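Participant: Take a look at the following structure, please.
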Amino acid sequence: MQKTTPITAYKSTCLSGKIKIPGDKSISHRSLILGGLANGETHIHGLLESDDVLNTAAAMQAMGACIIKKADRWIIRGTGNGCLLAAEKPLNFGNAGTGARLVMGMVGPYHMKTTFIGDASLSKRPMGRILNPLRLMGVEIEATHGDRLPLTLYGPKMANPIRYRIPIASAQVKSAILLAGLNTAGTTTVIEPILTRDHTEKMLKAFGAELEIKTDAEGTRFIHLNGQPHLTGQTIHIPGDPSSAAFPIIAALLVENSDITIENVLINKSRMGLIETLWEMDAKIELLNQHKTGGENVADLRVKSSMLKGVTVPKERAPSMIDEYPALAVAAAFAEGKTVMLGIDELRVKESDRLSALAQGLKINHVDCEEGKDFLIVHGKSSAKGLGGGHVTTHLDHRIAMSFLIFGLVSEKPVTIDDKRMIATSFPEFIPFIQQLGGKIS
């Protein structure tokens, strides 16, 4: 067993400079999957080279896609839609929940056996939300108790197209069903009552899938996919990941006399919940150099130290910022007044019980907070006096690790996390980037 690697963050001042955040994790996974399915070559610029994404690349290679890195781009020669090969060994996704769930959807309708395994954290996460629609399509499944990994899919001779209303706001469920529809004759329909990140829909259209999206008067989206399309390789430029940008954003807002610019960040409207919330808290964040890259809105973010105030974050906003709540909780600890985060029960089934881990980390660093089944209330104060000094258990969760290192840059006393290794699952450059801006982490 590998040894844990603790690391400590110390009170810092005057963060400054420019950084370019690594490519968006959601788009990186989808680029590899669709590139691996398409005919011809797909060229990817700005791929996030994190452990999670590379595990998805390995899975696509195991099923017949040719993937190589050449200079600063990745080149994929796909198998052609409907032509994946059966993997000879179980597909190991490590910590990658997104990769595992999307690939389950993609391979489910193939008439072959595919086994999925992962690390201890991923093996605790529920997969039923993906497996239930696959069962309706005719996929037979052998899973560990509670629909968890390890699990094996046995695809049908001919999958059934389904019309499926998503019971929870989940881009992963929506995307898995649409990817399953690619190798299913007929029309697959996903009904989405609450908008979630829409990268899959945009990218499917770009690769040549026949996709129709209608929205009713209540805002419910009906996404219709005609099965078995011809997919053609594309050139993709991946913008910076807003979920990773959250950490330097919060650091610059909280560390006194800071002024940083984060270049080339994705500002898709379905991913803007954190920035909208921070603006409500009086954060000084400017969107500069706004433009489009590959159909996505992108901007540079200029962030300056700000005196934040507590706010109530409505539950309706949760899908657009579900991965950013750990960073927001740190901001809330140093904001004047009470911050209430509602409708965040989805955090309980992330890489850890993220809601519980957040509350534990805040309390051990002397922040007054209340944890409920689906909410977190943080009683913040603009003074850092008396805060920090804790040793945080990260529970193998990269976002808990990064959040409390940011906390330590602001608090009076240093903050230590029990292990930094899992940060590599989403943001391998995190520590050197923060150090480059002037943050004290060692």
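Glycine too: its Cβ is placed from the backbone N, Cα and C atoms.
Note that this is a predicted model, so its numbers are computed, not measured.
Annotated active site, proton acceptor per Swiss-Prot: Asp323, in sequence order. Per Swiss-Prot, the feature 3-phosphoshikimate binding site maps to Lys25, Ser26, Arg30, Ser170, Gln172, Asp323, Lys350; the stated evidence is sequence analysis. For Lys25, Gly97, Arg125, Gln172, Arg354, Arg399, the entry in Swiss-Prot reads phosphoenolpyruvate binding site.
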Participant: What whole-number distance in angstrom separates the two most remote CA atoms of the 3-phosphoshikimate-binding residues Lys25, Ser26, Arg30, Ser170, Gln172, Asp323, Lys350?
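Facilitator: Roughly 19 Å, rounded to the nearest whole number.
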Participant: Which site among Lys350, Arg399 has the most other CB atoms no more than 10 Å from its CB, taking these as binding-site residues?
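Facilitator: That would be Arg399, with the highest Cβ count within 10 Å.
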Participant: Can you tell me the three-state DSSP label for Ser26 (3-phosphoshikimate binding site)?
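Facilitator: In three-state terms, Ser26 (3-phosphoshikimate binding site) counts as helix.
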Participant: Between Ser26 (3-phosphoshikimate binding site) and Gly97 (phosphoenolpyruvate binding site), find the distance joining the two CA atoms and give it rounded to the nearest Å.
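Facilitator: Between the Cα atoms of Ser26 (3-phosphoshikimate binding site) and Gly97 (phosphoenolpyruvate binding site), the distance comes to 11 Å.
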Participant: As a test of the contact definition, list every same-chain residue at least 6 positions from Arg354 (phosphoenolpyruvate binding site) whose Cβ is closer than 8 Å to its Cβ.
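Facilitator: In sequence order, Tyr325, Pro326, Leu347, Arg348, Asp397, Arg399, Ile400 meet the Cβ cut-off.
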Participant: For Arg125 (phosphoenolpyruvate binding site), what is the tally of other C-beta atoms lying within 10 angstroms of its C-beta?
Facilitator: 19
Participant: Of these binding-site residues, Ser26, Ser170, Gln172, which scores lowest on Cβ atoms within 10 Å?
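Facilitator: So among Ser26, Ser170, Gln172, the binding-site residues given, the one with the fewest Cβ atoms within 10 Å is Ser170.
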Participant: So what sits near Gly97 (phosphoenolpyruvate binding site) in its own chain, CB-to-CB under 8 Å and at least six residues off in sequence?
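Facilitator: Once residues fewer than 6 apart are set aside, Gly97 (phosphoenolpyruvate binding site) is near Leu122, Arg125, Gln172, Lys350, Glu351.
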Participant: Do you know offhand how many angstrom separate Arg30 (3-phosphoshikimate binding site) and the residue listed as 'active site, proton acceptor' by C-alpha?
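Facilitator: The separation of the Cα atoms works out to 18 Å.
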Participant: Would you count the other CB atoms within 10 A of the CB of Lys25 (3-phosphoshikimate binding site), including those on all shown protein chains?
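Facilitator: Summing over all protein chains shown, Lys25 (3-phosphoshikimate binding site) has 25 other Cβ atoms within 10 Å.
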Participant: For Lys25 (3-phosphoshikimate binding site) and Asp323 (active site, proton acceptor), determine the Cα separation and express it in whole Å.
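Facilitator: If we compare the Cα positions of Lys25 (3-phosphoshikimate binding site) and Asp323 (active site, proton acceptor), the gap is 11 Å.
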Participant: What's the CA-CA gap between Asp323 (active site, proton acceptor) and Ser170 (3-phosphoshikimate binding site) in angstrom, rounded?
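Facilitator: Between the alpha carbons of Asp323 (active site, proton acceptor) and Ser170 (3-phosphoshikimate binding site) there are 12 Å.
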